[in-house]
Protein chains: 2
Amino acid sequence: MNEVTIGICGLGTVGGGVLEVLSRNADLITERSHTPLRVVHVSTRYERKDLEAGGITVSRDYRDVIADPGVQILIEAYGGTDHAGDIVRAAIRAGKQVVTANKALIAEQGNELFALAAEHGVSLRFEAAVAGGIPVIKALREGLAANRIEWLAGIINGTGNFILSEMRDRKRQFADVLAEAQALGYAEADPTFDIEGIDAAHKLTIMAAIAFGMPLRFDAVYTEGISTLTPEDLAYADELGYCIKHLGMARQGEQGVELRVHPTLLPMDLLLANVNGVKNAILVEGDAVGPTLYYGAGAGGSATASAVVADSIDLARQLSANQGCTVPPLGVTPAAVRDLPILPMGEVKTAWYLRLTAKDEPGVMSQVSSILGAQGISIEALIQKAAKGGAKQVPVVVITNIASQSNLDRAVASIEALDVIVAPVTRIRVETLDGQDG
Amino acid sequence: MNEVTIGICGLGTVGGGVLEVLSRNADLITERSHTPLRVVHVSTRYERKDLEAGGITVSRDYRDVIADPGVQILIEAYGGTDHAGDIVRAAIRAGKQVVTANKALIAEQGNELFALAAEHGVSLRFEAAVAGGIPVIKALREGLAANRIEWLAGIINGTGNFILSEMRDRKRQFADVLAEAQALGYAEADPTFDIEGIDAAHKLTIMAAIAFGMPLRFDAVYTEGISTLTPEDLAYADELGYCIKHLGMARQGEQGVELRVHPTLLPMDLLLANVNGVKNAILVEGDAVGPTLYYGAGAGGSATASAVVADSIDLARQLSANQGCTVPPLGVTPAAVRDLPILPMGEVKTAWYLRLTAKDEPGVMSQVSSILGAQGISIEALIQKAAKGGAKQVPVVVITNIASQSNLDRAVASIEALDVIVAPVTRIRVETLDGQDG
């Protein structure tokens, strides 16, 4: 099997993340790409003898990576727009496929860069430039390609959303939360790009261009920041049933396209209003599909690397494809489909909701909790209500800790055998899906 | 420019939706595909002189569509699994690219069908088979390809979710809501597939196979329905801070893969717990990106057509691509990028939140509402509080109807000129994003 070779310019948060993901998931990525993706050359200002020992050429100068004829895909992870622009242009001219996470570069110089890429017959890919690891560029450009996109609205700056979430939930002042966000590393030392909406405007520019088939018009985006918002406004909005979000909004109307980033009140029952903390989400309205929403981590080395590597896999699939299909039906090459063992339900572990119907007598809970305890199951929450009117039986509702179905089966059988339990036990699994906010 | 030709077997909800979307958005789709997608042959049991007049061959027998050498992409929209399986197999053998929305067919016969497609060097695509118009197959297979998928959890049956939402919100019994869902057309006359989780199990089977690179194992999915849930359980769950959802869950653990569909309590602060009505959503946990969520319409002719046509566009992009990139950077071919007019902000219309600081005197609101009225702006909601302690000024908060920024600017200037207004007016836009639940 052939391989596809990668060069990375810059090994900071993004470049380092890419290297880490490519190495950790190398086997999986090979199965998905038809071919191994091998990093052969990187540029960084630091010594990296560890990489050299692994056979990777390490250069101080990014020009050496671009000049390396052994590099097929060049990942620009340099940051900024000056050198990054030079890197991307030089790489395109050298006939490389190029991947970048650089939203400012694409939003401000994309029109010119895409033309250059077309001229040289290469791809310039930028999934990571919008909303980090959320594959929203792919959704807009491919998944929703059948639709006329009417509008899209996004929470596309995690720092700003974190600040607004904190201001509302803890009634804190803007400046106070900003200082904390800086200490936590969410916000840059110069937070202007985030809080004044420039970063969001970059992302909105890119999404709008794809949604509406128009050039990148960063110059035309109206931008209003969040620094003047007060906890009072957030509280009044709340009282009226709204949540204030820093929203990027693009709409295609009959008179023209709206491109705007500003604080916005959203009705609280919208899913988008419930996106909190550093997370991003984009709601897209298509004429055929209606509204669809994409949610996830909008920043961070690992999430950004997820998108950069996905772009690289797309390119590798094209570069290495035989005739016909480039994406295998189950995502991995047919030979790599593995008949994984299925876990029997008895061994599946979840927390449990149990509803018991008990005689209204003392001592019920002590018997129940002792039976549960014998199976290693503890009670995390409990509702026990007094009998209504002359009722002789009462409901008892319990949430347990995490237990296997086998253990729970045994406990429930013993509980149902109790004299004080007068009906079959209702049992429903509980999942906390840890990680959604992690 | 060449064209890519399409045949459709079956013109029911899905097939009819596909025809409608391909026709309505024909120009857009041509710009996105490099090439027109033209329907040349359909099979249906009804007369369709309108289609024949448009140059489309209409056959009674689907075999005629498959046998038509002029058809490049065959869309199976016949439904069921018996004839649909025959159609897909025959089309593959005839060397067609095949697109289907048929989840039962893919979940139950996919392993065999994919092998057959590989043997004949064609693609069999099925984005619409899971969660209708939400491009979640593409996200799993391409957008998240850099990740080891740890688990995924989905609300993937709209009928079931509608029933549970109604049971909770209106404290109604299962049978009662089911009858309504049937009357509304959400639920089939035989609702077993929906309420017993079989439909969800089909979709879970497909997602798990792609997420974990394993064969389709519909036979191995544990399935528990929602027909035994009571409004009492939903109310107790609510009291404990949970929402009950019919969840499909696939997890890759060290001991094996979990594949299960069952009622599940989810903590209310999870985004997934706030997906209500007929909507679908899937939360996917990847090792690099963390959690991402995909939300939208999981059924309906138009949403399903969105995905079927997206698959067709993907195929057309491959079939018609020159060397190099198949997906243009801005989604449409460079020549089709249009420099659309940008709407000036003065003409952008939104509702508005206004916070006024007024002297604690009578008559303030009448002056304010008269100024707003003169600009055609009315008040939709209002908070006016008594002055606290000895305060001489009070906040007045207003939500207006939809008004252009120019009109609002004029109104605010007049309001700020009032004697009784003692501070600049705070103004924030309000968006209702109508359509999220539409």
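Cβ atoms are placed via backbone N, Cα and C, with glycine included.
Computed from a predicted structure; not experimentally measured.
Taken from TrEMBL, the feature NADP(+) binding site covers A:C9, A:G10, A:L11, A:G12, A:T13, A:V14, A:G15, A:G16. Here TrEMBL flags A:K103 as NADPH binding site. According to TrEMBL, the L-homoserine binding site annotation covers A:E188. Annotation source TrEMBL lists active site, proton donor at A:K203. Here TrEMBL flags A:353-430 as domain 'ACT'.
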In this predicted model, what is the average pLDDT of the domain 'ACT' (A:353-430)?
-> 94
By the 10 Å Cβ-neighbour count, the most surrounded of the binding-site residues A:G15, A:G16, A:E188 is A:G15
Would you mind reading off the Cα separation of A:G10 (NADP(+) binding site) from the residue listed as 'active site, proton donor', to the nearest angstrom?
-> 22
List the other residues in this chain whose Cβ sits within 8 Å of the Cβ centroid of the NADP(+) site residues A:C9, A:G10, A:L11, A:G12, A:T13, A:V14, A:G15, A:G16, in sequence order.
-> A:I8, A:G17, A:V18, A:T44, A:A77, A:Y78, A:G79
Cβ-Cβ neighbours of A:V14 (NADP(+) binding site) (radius 10 Å) = 27
Taking the Cβ of A:T13 (NADP(+) binding site) as the centre, count every other Cβ atom within 10 Å, in any protein chain shown.
-> 17
Cα-nearest neighbour of A:K103 (NADPH binding site) within the listed recorded positions, A:T13, A:G16, A:K203 | A:K203
State which of the following binding-site residues has the fewest other Cβ atoms within 10 Å around its Cβ: A:C9, A:L11.
-> A:L11
By the DSSP assignment reduced to helix, strand and coil, which category contains A:C9 (NADP(+) binding site)?
-> strand
DSSP says what for the domain 'ACT' (A:353-430): how many helix, strand, coil residues?
-> 23 helix, 29 strand, 26 coil
Rounded to the nearest angstrom, how far is the Cα of the residue listed as 'active site, proton donor' from the Cα of A:G16 (NADP(+) binding site)?
-> 23
What same-chain residues, at least 6 away in sequence, bring their CB to under 8 Å of the CB of the residue listed as 'active site, proton donor'?
-> A:K103, A:A107, A:A129, A:V130, A:A131, A:G154, A:I156, A:N157, A:G248
Least Cβ-packed of the binding-site residues A:G10, A:G12 (other Cβ atoms within 10 Å) is A:G12
Counting across all protein chains, other CB atoms within 10 angstroms of the CB of A:K103 (NADPH binding site) number 27
Rounded Cα-Cα span from A:E188 (L-homoserine binding site) to A:G15 (NADP(+) binding site), Å | 18
Measuring Cα to Cα, tell me the gap between A:C9 (NADP(+) binding site) and A:E188 (L-homoserine binding site) in whole angstrom.
-> 22
Distance from the residue listed as 'L-homoserine binding site' back to A:L11 (NADP(+) binding site), taken between C-alpha atoms, in Å | 19
